[in-house]
Amino acid sequence: MRLTVVGAGYVGLVSACCLAEMGNQVCLLEHNPARLQALQQGRVPIYEPGLEALLQQVLNRQLQVTGNVSLALNEPELILVAVGTPSQADGNVDLSQLWQLAEAVQEHLRHPTVLVLKSTVAVGTGDALQAWFEQRAIPVQVVNNPEFLKEGAALEDFRRPQRILIGAEDAAAAAIVERLYVPFTRNQARVLHMRRREAEFSKYAANAFLASRISFMNELAELAEHVQVDIEAVRQGIGSDQRIGRHFIYAGCGYGGSCFPKDLRALSHLGRSQGLPLPLLSAIEQRNERQKQRLIDKLEALLGSHWYGKRVALWGLAFKPDTDDIREAPALVLLRALLARGATVQAHDPAAMPAVAERFPEAVASGQLQLCNEPYAALENAHALCLLTEWKLFREPDWLRVMQLLAEPRVLDGRNQYDPGQLATMGFVYLGIGRGGLASERRNRAAA
Ligand SMILES: NC(=O)C1=CN([C@@H]2O[C@H](COP(=O)(O)OP(=O)(O)OC[C@H]3O[C@@H](n4cnc5c(N)ncnc54)[C@H](O)[C@@H]3O)[C@@H](O)[C@H]2O)C=CC1
Ligand SMILES: O=C(O)[C@H]1O[C@H](OP(=O)(O)OP(=O)(O)OC[C@H]2O[C@@H](n3ccc(=O)[nH]c3=O)[C@H](O)[C@@H]2O)[C@H](O)[C@@H](O)[C@@H]1O
């Protein structure tokens with residue numbers, strides 16, 4: 001098929017490359033000049049495993065990357081929309097990028113087309129957009145087709161989707177979108193047809209449900225600390241029940257990223273706009289905020305409350321492993337607190353350091369934030385090590401070397417990656433998340 005993808009972010013770039021890989025003729029429209037230039041040279045401006053190799057394989061063959069709006073919107077059979085839909089201050093979703101695109105479609109489109117919303121949009125957006133095009137007699141059918149890929153595993157998720165949701169009011173438009181996915185649904189994926197607003201709602205429901213599991217476990221983790229229970233044992237105890245499942249029940253330092261926080265806010269906003277109290281959704285968000293703050297409490301338990309002049313090592317800054325994305329990353333909450341309270345921070349992250357340097361230029365310039373080019377350099381003379389993102393690189397450290405490098409043998413394990421018994425035996429003071437069942441942790445909490 002001949003299609004245009006608008007927006008070369010995580011979703012648009014991955015979609016464009018994977019659709020091009022299947023033989024479609026794809027035009028990828030991006031208006032950010034730096035991003036555009038990088039892509040045209042075959043460089044991926046974000047960190048996503050495998051993506052750069054795929055881009056180079058399809059670029060200037062099945063995939064054209066352009067900033068030329070008129071070329072991109074002239075006569076594609078399909079337009080896939082993957083522009084950003086960030087939060088507004090009131091929690092509602094900001095659809096300004098989408099409406100700007102609608103204006104561009106009005107100006108440049110010369111043939112009937114199907115406009116497929118892959119961006120996460122407020123419930124009712126597709127209907128509003130459809131009405132807008134109809135009022136102007138522009139031959140566009142709007143379809144909602146939410147994207148469920150995860151950063152860090154985006155290619156795998158796109159190539160092997162578990163389900164494809166097609167939300168449409170027009171059967172012919174739905175059939176065209178379904179045809180696009182035929183190469184991806186041969187094995188297992190189910191294609192589910194529904195109304196446009198049901199697809200929009202389903203996207204929010206999926207993210208809110210996953211976030212609720214994480215907040216649920218984080219809440220129980222705090223309780224576990226008070227009743228001498230290790231939440232890791234509980235995770236295994238419940239995850240083996242197939243009705244519950246093993247995914248998204250890892251206690252940690254709270255969910256971050258560009259989607260869960262903003263989508264929860266948008267769903268709560270929808271409730272408020274309907275005059276409906278939705279206390280369960282509010283609780284998910286409140287717990288998540290508390291969970292990020294708990295990192296600060298825990299570090300105080302390890303270091304005392306005066307951090308001025310202390311040196312703290314951070315392993316991991318991205319909101320999750322295998323990405324350079326730091327949007328709403330839990331690590332930033334602790335990092336800001338450390339900087340505000342006069343500590344020196346030595347950090348390492350395999351991919352997110354450029355983004356952090358851009359976000360905290362003054363701290364980097366003053367030397368208060370040192371971004372180290374390998375994990376062990378971050379440990380030198382530090383008074384504590386905090387693991388905040390569970391990159392594979394941090395899973396099996398050389399603990400003897402860690403002990404030698406740290407000024408004080410203290411470990412805050414924000415992702416429950418380490419064996420507290422082993423660390424206690426070696427002489428580390430260890431704090432994890434919800435690891436109340438461990439004699440060492442009880443002792444350390446009492447001592448702290
Ligand atoms: N990041 C993720 O893992 C996922 C994101 N989503 C949703 O997909 C949407 C996009 O997310 P991301 O890819 O993370 O966003 P992003 O912000 O990383 O990328 C959006 C891109 O669109 C470009 N853009 C905006 N308007 C444009 C226009 N008129 N013409 C050309 N380029 C334009 C921007 O310059 C930017 O490069 C959001 O609605 C998000 O909620 C859905 C599933 C997964
Ligand atoms: O709408 C979106 O943008 C995407 O949001 C999430 O994907 P993503 O944010 O990339 O990453 P996740 O793997 O879901 O992790 C989100 C956050 O939850 C945290 N998390 C995840 C799982 C868990 O058990 N515990 C936990 O704390 C992660 O550390 C991370 O901070 C969803 O998983 C995707 O299906 C969805 O398409």
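First residue shown is number 1, and so on along the chain.
Placement of Cβ uses the backbone N, Cα and C atoms for every residue, glycine included.
Note: TrEMBL annotation is automatic and uncurated.
Taken from TrEMBL, the feature active site, nucleophile covers C259. A simple way to gauge crowding: the CB of C259 (active site, nucleophile) has 24 other CB atoms within 10 angstroms, across all the protein chains here.
What TrEMBL records for R35, T85, T120, E151, K262, R327 is NAD(+) binding site. Every protein chain shown contributes to the tally, and the Cβ of R327 (NAD(+) binding site) ends up with 17 other Cβ atoms within 10 Å. DSSP assigns R327 (NAD(+) binding site) to coil in the three-state reduction, placing it in neither a helix nor a strand.
Annotation source TrEMBL lists substrate binding site at F148, L149, K150, E151, K203, F248, I249, Y250, A251, G252, G256, K320. Non-local neighbourhood of G256 (substrate binding site): K292, F319, K320, R327, E328, A329, P330, each in the same chain, at least six residues away, with C-beta under 8 Å from its C-beta.
What TrEMBL lists as domain 'UDP-glucose/GDP-mannose dehydrogenase C-terminal' is 313-420. Under DSSP, residues within the domain 'UDP-glucose/GDP-mannose dehydrogenase C-terminal' (313-420) fall into helix, strand and coil as 40 helix, 19 strand, 49 coil.
The maximal spread of the substrate binding site, taken as the longest Cα to Cα distance among F148, L149, K150, E151, K203, F248, I249, Y250, A251, G252, G256, K320, is 24 Å.
Confidence across the domain 'UDP-glucose/GDP-mannose dehydrogenase C-terminal' (313-420), taken as the mean pLDDT and rounded to a whole number, stands at 98. Within the set of binding-site residues (R35, K150, K203, K262), the lowest number of other Cβ atoms found within 10 Å of a Cβ is recorded at K150. For ligand 2, the neighbouring binding-site residues among R35, T85, G256 are G256, by Cβ distance under 6 Å. Only R35 of the binding-site residues listed as R35, K203, K262 bring a Cβ under 6 Å of any atom of ligand 1; the order follows the sequence.
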